[in-house]
Amino acid sequence: MGLPWYRVHTVVLNDPGRLISVHLMHTALVAGWAGSMALYELAIFDSSDAVLNPMWRQGMFVLPFMARLGVTSSWNGWSVTGETGLDPGFWSFEGVAAAHIVLSGLLFLAAVWHWVFWDLELFVDPRTGESALDLPKMFGIHLFLSGLLCFGFGAFHLTGVWGPGMWVSDPYGLTGHVQPVAPEWGPAGFNPFNPGGVVAHHIAAGIVGIIAGLFHLTVRPPERLYKALRMGNIETVLSSSIAAVFFAAFVVAGTMWYGNATTPIELFGPTRYQWDKGYFQEEIQRRVDSQLAEGASLSEAWSTIPEKLAFYDYVGNSPAKGGLFRTGAMNSGDGIAQEWIGHPIFKDKEGRELEVRRMPNFFETFPVIMTDADGVVRADIPFRRSESKFSVEQTGVTVSFYGGALDGQTFSNPSDVKKFARKAQLGEGFDFDTETFNSDGVFRTSPRGWFTFGHAVFALLFFFGHIWHGSRTLFRDVFAGVDPGLEEQVEFGVFAKVGDLSTRKEA
């Protein structure tokens with residue numbers, strides 16, 4: 001038939017059996033990739049430090065999605081939350097990966113069967129003996145089944161009735177764990193950070209889907225609507241399916257980038273807005289002030305700050321810091337975090353406490369500026385020493401550390417002070433191992449950034465695909481000159497062109 005590469009799907013346009021086959025093969029490829037990718041990530045994953053070297057720092061992509069649904073342990077005995085010596089049974093990371101690979105093989109065999117046995121009685125109208133698909137009925141079946149799945153996921157898996165529940169945590173991502181979640185049916189269920197709303201909405205949406213599916217199975221569409229929306233054309237199915245997919249892709253791109261209820265920061269890393277707002281910095285300061293009010297010293301107060309919370313308050317963990325085309329995990333950029341060095345407090349020779357202005361998300365380089373409590377610049381690291389008025393040497397800045405590895409130490413050597421000021425510009429300071437991965441010092445984004453970028457791009461492409469195929473099916477008679485009411489059957493897989501006398505008709 002000599003089809004160009006971009007028209008090859010024409011061969012399944014009038015062939016329901018092989019249309020099923022190629023969809024089965026596609027699902028086999030997806031399941032096979034997911035299982036294989038999970039095994040690859042498990043092979044390179046370092047589970048030794050769940051606090052400073054979590055999965056999102058290591059560039060894991062499929063493991064976080066497994067963990068948020070309740071799979072958190074490995075047959076090697078470790079858990080995402082840091083425990084060791086565990087026996088998770090079959091439903092471990094490896095077990096789920098193996099299940100996907102086995103499923104992929106079964107789907108492959110099903111695809112082969114349907115490719116060979118394509119001409120089934122199922123696709124023939126018994127009244128006329130002609131090939132026919134009842135697309136509105138198929139729509140009802142799919143709607144009913146997807147509603148059933150949605151309801152089952154919410155009512156059983158998430159609630160813990162028959163399943164593990166879901167990943168829940170505190171607002172600062174410190175206590176994350178998997179637990180059953182009760183549905184929240186009140187106004188609080190609409191709080192985007194309330195996991196109970198996720199459960200309630202899956203149950204509600206599932207019920208709506210089941211009812212809608214039964215409706216479409218029992219009620220036929222009006223003839224005018226059937227013809228107006230080309231409900232008898234398989235390309236209508238393609239167009240509306242693409243619409244569902246691109247809409248879902250836009251939604252999940254938004255929830256991934258802006259939210260963390262279903263994309264916990266312990267599994268996917270912080271959002272960029274938490275750095276923009278100083279979200280973790282405010283919580284750290286609140287905890288320190290609370291300790292000071294109870295009579296603790298600065299050293300004691302800062303020593304109560306969890307290392308995990310301090311690590312979130314570091315700009316290198318913001319997904320907006322890595323360029324979209326810098327490949328590799330975050331650890332390939334700044335290195336593997338080893339320890340928190342403590343909180344630095346800078347003072348000039350006048351005794352004023354100075355604060356280093358933090359680097360915004362979208363800057364690669366930023367001037368190191370130290371301001372007093374009133375926001376007045378008192379010291380900096382100048383670009384041109386010849387014109388400097390506020391250099392560390394001129395202003396006599398010193399730095400003292402509270403909490404962390406350098407607790408209680410004070411540095412007055414200008415080169416040391418400048419080194420720690422540059423670290424403070426990036427948030428809380430950490431020592432990094434840059435040798436293990438030959439880290440180049442250039443920030444990378446987290447899986448949160450990859451997922452958002454990928455889904456936003458594909459959503460845009462699929463949006464145009466929806467417009468394209470929707471236009472083709474609505475205006476098929478205009479584009480092809482084929483009457484939409486034409487009932488003459490052509491050979492399966494052969495494209496009927498206008499005035500094409502060579503197209504073989506069925507006997």
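The backbone N, Cα and C atoms fix where each Cβ goes, and this holds for glycine too.
Residues or ranges marked as topological domain 'Cytoplasmic' by Swiss-Prot: 2-16 (among others).
Residues or ranges marked as transmembrane segment by Swiss-Prot: 17-39 (among others).
The topological domain 'Lumenal, thylakoid' feature in Swiss-Prot is assigned to 40-94 (among others).
The list of residues near the transmembrane segment (95-116) in space but at least 6 beyond its ends in sequence, with Cβ under 8 angstroms from a Cβ of it, reads 17-18, 20-22, 24-25, 27-29, 31-32, 34-36, 38-39, 42, 66, 71, 75, 88-89. Swiss-Prot lists 95-116 (among others) with the feature transmembrane segment, giving experimental evidence as the kind of evidence.
Positions annotated as topological domain 'Cytoplasmic' by Swiss-Prot, on the basis of experimental evidence: 117-134 (among others).
Feature annotation from Swiss-Prot assigns transmembrane segment to 135-159 (among others).
Within the same chain, residues 67-72, 81, 91, 154, 203, 259-262, 264-267, 270, 280, 283, 306, 308-309, 312 sit at least 6 positions outside the topological domain 'Lumenal, thylakoid' (160-196) and bring their C-beta atoms closer than 8 Å to a C-beta of that stretch. Under the heading topological domain 'Lumenal, thylakoid', Swiss-Prot lists 160-196 (among others).
Annotated transmembrane segment per Swiss-Prot: 197-218 (among others), in sequence order. Beyond the ends of the transmembrane segment (197-218), by six or more residues, the same chain brings 136-137, 139-155, 158-159, 166, 181-185, 188-191, 261-262 to within a C-beta distance below 8 angstroms of the stretch.
Marked as topological domain 'Cytoplasmic' by Swiss-Prot: 219-233 (among others).
Annotation comment: Swiss-Prot describes 234-255 (among others) as transmembrane segment, evidence class experimental evidence. Sequence-distant contacts of the transmembrane segment (234-255) (same chain, six or more residues past either end, CB-CB distance under 8 Å): 13-14, 19, 133, 135, 138-139, 261-263, 451-452, 455-456, 458-460, 462-463, 465-466, 469-470, 472-473, 476.
Within the model, the topological domain 'Lumenal, thylakoid' (256-450) carries an average pLDDT of 95. Sequence annotations record features per position, and here Swiss-Prot assigns topological domain 'Lumenal, thylakoid' to 256-450 (among others).
Among the features that Swiss-Prot reports, transmembrane segment is placed at 451-474 (among others), with the record citing experimental evidence.
Feature annotation from Swiss-Prot assigns topological domain 'Cytoplasmic' to 475-507 (among others); the stated evidence is experimental evidence.
Non-local neighbours of the transmembrane segment (135-159) in the same chain are 69-70, 165-166, 180-183, 198-203, 205-218, 220-221, 226, 231-232, 234, 236-237; each lies 6+ residues outside the stretch with a CB under 8 Å from one of its CB atoms.
Broken down with DSSP, the topological domain 'Cytoplasmic' (219-233) shows 6 helix, 0 strand, 9 coil. Note on the transmembrane segment (17-39): residues 11, 61-63, 66, 93-94, 96-101, 103-105, 107-108, 110-112, 114-115, 117-120, 123, 234, 493 of its chain, located 6 or more positions outside it, place their CB under 8 angstroms from a CB of the stretch. Helix first, then strand, then coil: DSSP counts for the topological domain 'Lumenal, thylakoid' (40-94) stand at 14 helix, 2 strand, 39 coil.
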